[in-house]
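**Q** This is the feature table in TrEMBL:
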TRANSMEM  A:6-25  transmembrane segment
TRANSMEM  A:63-86  transmembrane segment
TRANSMEM  A:98-120  transmembrane segment
TRANSMEM  A:132-152  transmembrane segment
TRANSMEM  A:172-190  transmembrane segment
TRANSMEM  A:222-245  transmembrane segment
TRANSMEM  A:251-280  transmembrane segment
TRANSMEM  A:292-312  transmembrane segment
Amino acid sequence: MNNIVYLLVQLLVILLVAPFVNGLIKKVKALSQKRKGASVFQMYFDLYKLVKKKTVVSNVSSWIFHVTPYIVFATAMAAALLVPVSTKILPPQIPGDFIMVVSILALGRFFLMIAALDTASTFGGMGSSREAMISALIEPSILISMFTVALISRSTSLPQIMETVQKVGIPLAHPVYIMVGLALLIIILAETCRIPVDDPATHLELTMVHEAMILEYSGRHLALLEYGAAVKQLVFMTLFVNILIPQDQLIGVIGLGALILSLLIYLLKVILLALVMGIIEVNTVKLKLFSIPNLAALSFILAFLGVLQFLILGGKHV
Amino acid sequence: MSNLAVNSNLLETLSVLILLSSFVLMASKRINSYIKTFRIQSFLIALAAGIMGLRSLISEGRWDFLVVCLLIMIFKVLYIPNMLSKTYKNVSYKVEKDFILNIPILVLLCCGLVVFSYFTLTGVDGLSQDVLNLQLVNAVSVIWIGLLFMISRKKAIGQIIGFLVIENGLYITAMYSTQEMPFIVDLGIFIDLLTFVLIMGVMTFRINEKFESIDTDQLNNLKG
Amino acid sequence: MEQYLRNLFLMSVLLYVLGAAASALIYFFKKPYKTSMTGSVMVNAVCIVASGLGGAASAAKILLAVNSLKLINLSSTIPFISLEMNLDNLSAYFVLALSVLVFCVSLYSIGYLSHYNGKRNIGLFNLLYTLFILAMIGVLTSANTVCFYIFWEAMSLLSYFLVVFESEKEENTKAGTVYIVMTHIATALLLIGFIIIYSYTKSFALSANTAAIPGMAKNIVFILFLIGFGTKAGIIPLHIWLPHAHPAAPSNVSALMSGIMIKTAIYGLVRFVLCYLGVQNTWWGVVILILGILSAVLGVAYTSMEHNVKRLLAFCSVENIGIILIGLGVSFIAFALHHQIIGSLALTAALLHTFNHTLFKGGLFLGAGAIQYATHTKNIEDLGGLIKTMPLTALFFLCFSLAISAIVPFNGFISEWLTYQSLFASILPGHIGLNFLAVLAAAALALTGAMAAAAFVKLFGISFLGLPRSEQAAKAQDVPATMMIGMGILAALCLGIGLFPLTMIKLLDKVVFSVGGGSISGQLRGGFLLAYYPLTISVNSISPLTFMLALGVIILLAFIVIRIVGGKYIERRYGTWDCGFEALNSRTQYSATGFSKPIKIVFRALFRPIRKTIVEGDSQYHPEAIIYSTTVTSIFEDYLYEPVYRALLRFSRRTKFRVQTGSIHNYLFYIFALVLLLMLYNRFA
């Protein structure tokens, strides 16, 4: 029973909120440029339109090209199932931890990268090659920052980590969490192809990474890829908000009311983070490609300092 | 961490942020961001001193920490950075261009320094885990990083900032390890520092005027 | 029961011997092509049966028998020379890995060898091949160090002959030379280690009590073993033979060499250091852990730079040995600190990765062989679009690539997950230096995984996808069915272990229990084959099968929803977007060099890339052709081996004039002086 409720809540929340978050960030950018901008719900319409459209497929491509959108979307969703949006409805055991989440997302990315090479397009190759570099550089800091919070709760399972955070009080005022939080913020920007690393708004050769990889896609395939990217973004954001700003200690009782309240607070946090991300994107410039290693090194150092603080504190577990 | 008092947790966080600010300092290139970062770092230290001061005021009724906090605010947060900004405006050099090593490696070295100071401090007799918990490691690392900063920067303002960071490090080391500092020693350090900044400020200006650069390598030319 | 298993195992060994004898006959009588081909099929069939029997016997031994099986015990009148072979759990585990691989490789060879069609004596090849397998079985089951040494040497020599089998190419003989020199230095060090041990224990038996060896001697022996086995395993900086030897050898042999031969070194380390000497110092583990981190990171860095399929895979073996050594290092540290559970967990991770690497690296080499068989090239810059002409090979290759990049739901992920868990568990309050090392190892592992994925995206994407970059690639045809089945079984095993990790881990748990005395079975929950039960270590669990089910359900749901919302799928085939230039061809695609360039630039301090641009034509401004080439400096060869090599050369040249004068009288004098010195030594010592 618990399992089913958990699954349903996860699926619904992630599926419904993900495009909205994307719209919100776009709105923030538009407003900052004194534009009215598209509605925050624009992505839902876009997805619907894309699904309706006919699909153009390159005549060079193979079956890899066709299966990739499904795999990318499904891996993002499967990863989303392992990152609880609220700790009020945890099933007894979740069959995966953060290492698994990273690996699942790697599966999606692997297919995306080879699909980009499948069409013999130069743009695809370029995006794929850049993505390979960026992911290689950012992976250690993801692992180390999650490793750090996992060490505090003595478990690599995400629900466990999120439950531990409830006992910390204010994680943002905790020496370890604050470092991890900063590292995670950089990771989110890199993983979701946001501005210092990539520019989601353009198809220019100079900036494109993610957009170049999906350049050949159209119709329902594109819809799945866009949706998958939005879900992946929300997964990382959920990870961030539920580790750095836990909500459930505020609500003591277990039950439907508490669950809804907890989800509402979760939504609020996500909106807040989306605003922050939008503001960051407006206020930073796109780094040149070979400055990204410095950014990755920065996030790695932050995560490493987090581990250090944990060890300096004597390896205390909560 | 629930069993620890919130303000102790806050002090820990502040010490991490102070450490982080010295990393930021090491990673920055612009001279005005040196000054800005130094200002922030000093502000964080003042905050830490303020928290300690409040605690000692409540528990023991002593006020000298609060005075220290005030002094830091006045001198390190306001006066010295302002003065440096003035000097900065007078010299033509705005962005540091040559370092002994490139910045990512320097920052990684800083990381190594933190590990190193942790590694060495745990072996020191008489330092219990409790003292270490009070973020002595971070404080000592700040000193090291300040020194490395002085080594890596060639321009005079960099040297001044580096020196100030070392002083900041020394100060928080003392503050965190003993939880109090003789007031008079504190004042002594302050006066020292002020003199140093004044002299260096004037000197930098003069060096710039004389050599049309504030590169301290130029001082080599002074030898007979 | 034990008697029965023993006979089963001996039968498999006997079959290998038979195979060897048959191939020897074919070789010596130089039968015409057709008969020798039939013979070769027969020999390979015998190997398949033998490996099946051997594998079954080993698996049954681990699961059923408690005591180690005494296979052969022949003593001779010459002191110390006795043929003793035992099959305990550890040996059985490695023999199992060997058998699985030999089974698939032999199947594969049936098809693969046909390309030696009249060019080479297949009898000779099969003879060397079967003897090589026998030598490896000997290494894994030897019960005394003399035996071990002899088989080890035989294994090295036979693999050398196999490396230089295609000796018509000059680079192959050169590769062979590098290999034989490195491997002999290693063997010499092992021999010294064995003799030091003997001088204290007065016994060559592996069951001898080593308590009598003083600590200092143990340290020396450990270092000798580390270098000796490390060379065979290919840990950095002793790896230089791997990227030479693997491309030179025929692909089925490289599969065996990379799949299992380099693992005999891991066996050696576990057998001799953990079981025989006993880990006494923490620093042993620390050294292994640091070497593991280095090998993993540098190995994967060089992997991403290679464009020769087999050289790429060779560097990748270095990386995977690094991952295995990380697990091994953690387990040695934990055993030295008497944390039995953590030690067992780490050892499980290391041994599982050994097995997994056998499967997917063997498979990858077979795949590389299939590419070479179909296109006659190893350079991926000449490939492309093979997925259309070789669909099944491409599918298997994709599976192996995913497995080696530690991606769910394949087996590579399981062992890396266990390694992460052991690193995670090994972070305990108090051990400051070790904790940092564990964190760094975790970071290195993450970097390795992502870089390996990048390298295999390149390998798979450039060689199988896009447009063919050369004539041969365009005309490629899929390989014979036997080759496909060989690869298919390995791919299925990769997926199988990935989905049902508990099967393998329960088996492995018995091995680890008999080696380290600790068991993680208390940490394991759930049934044997039941997928619902996730793999659980303390409170952390993963369940790849659940993930696969979820993946399937989500894909199905997405498919249905899109079908309902969007209606029927209508596809229009059209050319790739070419910005309106209409000039897209195979030359405008991204090349492998271009693909790996960002990584090359980021790590330029390590690679020290050299680029050359040659402009051909009358003038620089009217080029007829521009030849651009870029290479990566191999810093270990240039900065570590090259100076040593030059110094040796200088020294030899000098001795040629001073010592090796060529005068008989001088040589007689040397003998005279030496005997005199020996007599003196005998008098005083």
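Residue numbering: from 1, along the chain as shown.
Positions of Cβ are set from backbone N, Cα and C atoms, glycine also.
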**Q** Would you say the transmembrane segment (A:251-280) and the transmembrane segment (A:6-25) are touching, if the rule is that at least three C-beta pairs must lie under 8 angstroms and be 6 or more residues apart?
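**A** Taking Cβ pairs at least 6 residues apart, the transmembrane segment (A:251-280) and the transmembrane segment (A:6-25) are in contact, with 3 or more under 8 Å.
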**Q** By a Cβ-Cβ criterion of under 8 Å, what residues six or more beyond either terminus of the transmembrane segment (A:98-120) are in contact with it?
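**A** Same-chain residues near the transmembrane segment (A:98-120) but 6 or more away: 58, 60-62, 64-65, 67-68, 71-72, 74-76, 78-79, 82-83, 127-128, 131-132, 135, 139, 142-143, 146, 150, 156-158, 161, 212-214, 216, 225, 228, 232, 235.
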**Q** Are there three or more C-beta pairs under 8 angstroms joining the transmembrane segment (A:251-280) and the transmembrane segment (A:132-152), sequence spacing 6 or more?
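**A** Counting Cβ pairs under 8 Å (6 or more apart in sequence), the transmembrane segment (A:132-152) does not reach the transmembrane segment (A:251-280), since there are fewer than 3.
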**Q** Is the transmembrane segment (A:251-280) packed against any residues at least 6 beyond its ends, judged by a Cβ distance under 8 Å, and which are they?
**A** 9, 13, 17, 21, 24-29, 32, 85-89, 185, 188-189, 194-195, 234, 237-238, 240-242, 245
**Q** So which residues does the transmembrane segment (A:172-190) touch in its own chain, when a touch means Cβ under 8 Å and the partner is 6 or more beyond its ends?
**A** 134, 138, 141-142, 144-145, 148-149, 152, 165, 196-197, 233, 236-237, 239-240, 243-245, 277, 280-281, 292, 295-296, 298-300, 302-303, 305-306, 309-310, 313
**Q** Which sequence-distant residues neighbour the transmembrane segment (A:63-86)? Criterion: at least 6 residues beyond either end, Cβ under 8 Å.
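**A** Same-chain contacts beyond the flanks: 6-7, 9-11, 13-15, 57, 94, 96-97, 100-101, 104-105, 107-108, 111-112, 114-115, 118-119, 158-159, 162, 216-217, 220-222, 224-225, 227-229, 231-232, 234-235, 238-239, 242, 247-248, 259, 262-263, 266.
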